Structure formats: C-alpha cells, structure tokens
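Here Swiss-Prot flags 1-71 as region 'Domain I, interacts with DnaA modulators', drawing on sequence analysis. Residues or ranges marked as region 'Domain II' in Swiss-Prot (evidence: sequence analysis): 71-143. The region 'Disordered' annotation in Swiss-Prot covers 86-110. Annotation comment: Swiss-Prot describes 86-96 as compositional bias 'Low complexity'. The feature region 'Domain III, AAA+ region' is assigned by Swiss-Prot to 144-361, with sequence analysis given as support. Per Swiss-Prot, the feature ATP binding site maps to GLY189, GLY191, LYS192, THR193; the stated evidence is sequence analysis. If you look up Swiss-Prot, you'll see 362-481 marked as region 'Domain IV, binds dsDNA'.
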Amino acid sequence: MTDLSAFWPQCLARFEAELSAQQFNTWIKPLVCVAGEDAIALYAANRFSLGFVKERFLSRIETFAEDILGRPVTIELRIGGAQAGASAPAAASPRSPGRPAPAPVAATPTTGSLADSIVSDVPLPNVKLTAPKPAIGGGHESTRLNPAFTFESLVTGKGNQLARAAALQIADNPGDSTYNPFFVYGGVGLGKTHLIQAIGNHVYQKNPQAKIRYIHAERYVADIMRAYQHKAFDEFKRYYHSLDLLLIDDIQFFAGKNRTMEEFFYAFNALLEGGKQVIMTCDSYPKQIEGMDERLISRFSWGLTVEIQPPELEMRVAILMKKAEADNLKLGNDVAFFIAQNVRSNVRELEGALKRVVAYSRFSNQPISLDLVKEALKDILAAGNRQISVDNIQKTVADYYKIKLSDMHSKKRSRDIARPRQVAMALAKELTSMSLPNIGDAFGGRDHTTVLHACKTIAEMRESDPDISRDYAALQQMLRN
C-alpha cells in the first residue's frame, strides 16, 4: 500500500498524461499538497482556482487517490500557499511536543518535472471518510472530447453514411469484436474527427464512469517521449492499458517512429484482449501507410475499416444550412447551392467559405446575397476555375493509372485503357461545369451518351468495388488540392 506522502507525485504524473500542458500547468501543478494520517489537503492559490479545481478535477483526484493508495481517502481543498498549508492542519490536530512542522513544497514551475512536486507528512485531523462526489464535467474534461461533436450535429450523406451507421453501432456496443478496431480513413477535412468524437461523447453520456481518451497521434508520440524523460513510463503504460475506449486521430503520424509503434502495439493488444474499443483515423487505407509496422497494419484490419468520401452536392448544401442554423444566420437556398457548387473539396473548406461570406457581409454592412457571395469568394472561384479543367483531369488520371495521355482520346477499348477513361469522364462531369457533349468532344469526339454511360458505370462501381472507390476518392482529392 502506497504511503500518503508518495501519492501526489504519482497523481501529477497521471494528470500530466491526461491533460493538455496548458490545463496541467494552470490548474494542477500549482496546487500544494499536505498529507496527514487519514486525509490529504490540497491548497489552491485563490478562491477562483479552488472553485475550478473542485468543479473540474476533484472527482478525478479522489479516483486517483483510491487507485494509488488502495483505499478511499478524504481530499480537502483549501485556499492558501505553502505557509497556510503548514499551519492550518496543526491548529486542528496538535503534534507531539518538539515535533517540527515540515513545510509542504509546491510543484516547481520552472522545471516541469513530474518528480518536482512533493508532499509533507503534516498530520491532518481525522475526518470521517465520505464517498467522493462526482465533479460536474470533471470526467469529461479528462477525455479531451469536444462536446460539440455529436451524432446530432453530424450531417449525413452518401460520403459518410456507412461510417456513421457503423459508428452508431460501436457507440451502443463498444468492444464488439465485429467493429474492433474501427479504422476510419479519408482526406483532410471530411469529418473523421467529428465522427469518432461523436462515438466518445455518446459512450460517455451512457456511462460517465468509462475511461475514455481522445488523442491526436502527434500528442501520443509526445506523451511517450515525456514519459521516458521523466522515467514515468510504467505510469504511462498503466494508464493507456486501462482505458475502456481509445480514440487516436491521424495515426499515419506513427509511421517511421519505431518506439511509438512498438508501445502502441502493446497497448493495442492489451485493450483488444480486454474487450476494450480502439478507434483510429487516417488519411489513407491501412495498407497504403508507408513506414508503418506490418504487425500494426495487420491488426488495423481485424475489425471494420470504412472510408469517408468528399460530400456530394446535396450533402454540402445540407452542411451549409445546418451551420447557418446553428449560428442563427439567414442563408438563402440559392446562396447555399452556389457555395456548395464551387467549394467541393471538404467540409472544413466549405465552413471556411461560409465564415468568409458572413465576415464580408458584416464588414460591408450588406445582407448575404448571391452577388455578395461572388465578391467574397472571388479568389476561391478563380482558383477553382484555373485548377480544374478537363485537360488537368485527363493528365492526372493518366498519370495515376500509368497510361498515355493520348489514350484518353484514342479508340482503344481494352479494360486497362477504357476504365481510366471512364473515371476521367465521371470526374469531368462532377468537377467542371462543362456539358456532356463538350466533355465527349474533349475525349476524342465521343457522343454525350458515351459520357453518360461512363458516369453511370463509375457511380455503380464506386458502390460495389472498393478499389474503384478508393481510386476515385484519391483522384478527387488530388484534383481539388
């Protein structure tokens, strides 16, 4: 059983692993800890800090204390620095004659070391132990989830409907081997983070006691490095191996980092063996991640892998209307349709375009109209018109499939030529404003019905053929960026 005086350094290590550096340094690190025989006092610098710690972190501190010490312990929050911490308990519980009162030492703000914070063994009054009271929002704070990312606020369309359906199943039944791990991939700004955090928020809502952690892959790497530097790696492993739900964003950042991949391999195995849920996002299909450990790539495919594709026109309009509604904006259908037609790449850029329009409207003191939108987004519209042309599409597709550019205009009908040509026609219909006859002319003088047939064929194949679906999405991303 751990002595009370050893509690605070271990508690600090756990908080540093859980919280952002700003949260840790602002609220937890400045606390002064005084350990007694049956209780622990934590001193905050002022009433505001005390109130915030009590509301957000007290229940977590109590949980850590019981976990570290092996028994429930009363945690008292008080106002005052080291001097108050040394004197207050003494007044309530006299010491033996001649025994000096050791002064508590606060965490040294200059070094940042986990071992910098120590506690004193000043006796505290024997206080009747009471069950810890849950702090409002304290548990959710430690998850690092954005409470705004919910299933209700997620717009659904063809591009993400499969991923959303799977996410709902996982949110209701985390740990189900059918969906474990859950691997979501797709281009930037398509809502992968929103989707997986919606799972986390749903699970937390159903079970606030669940140990949930959302973390970006780069932060996970930094946490590993810090754990090594502070010789707190056992604590790091114990924390991550004990989670009920782990959500890691942009896991492609692990590639080439051998130590990180090794440690994640063990954490991954520990969680799945314990029936816990692992959820990851990535910018590419697992087998296409260069520099990733083959053992991890194999394990990524154990559960369910789904792709999120760029939103189609109807979904883009719905996203804009929902965003406008959330911000109490009046947005006409014609305006939403125009923005959605011209900003096709991803959700992030779509919302960014709307913010620009709103800002332009406010600065110019004009209502949002089609003319105002065209003026506000003129550089985006010009860039889009410059970048996406049939010539550009043909060259990009030819390079991607490693065929000659001339094959786009030829009469060759072999599958390895015809299929890329059909893909290029479908992309031309989606990404340009050209008519079907004009697209046909650009592909060697073909009839508009040939273009229509190509578009229909590719649309059907994207539903049934994962390879075509991946190729098409990759080409969309290349052309839009």
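Any Cβ shown, glycine's included, is placed from N, Cα and C.
Annotated features, which come from Swiss-Prot, shown on the structure.
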residue	record	contacts (Cβ under 8 Å, 6+ apart)
GLY189	ATP binding site	SER345, ASN346, VAL347, ARG348, GLU349
GLY191	ATP binding site	LEU154, ASN160, ILE308, VAL347
LYS192	ATP binding site	VAL184, TYR185, GLY186, ASP249, THR281, ILE308
THR193	ATP binding site	PHE149, ASP249, THR281
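The DSSP secondary structure for THR193 (ATP binding site) is helix. Listed in chain order, the extra residues whose Cβ falls within 8 Å of the Cβ center of the ATP site residues GLY189, GLY191, LYS192, THR193 are GLY186, VAL188, LEU190, HIS194, LEU195, THR281, ILE308, ASN346, VAL347, ARG348.
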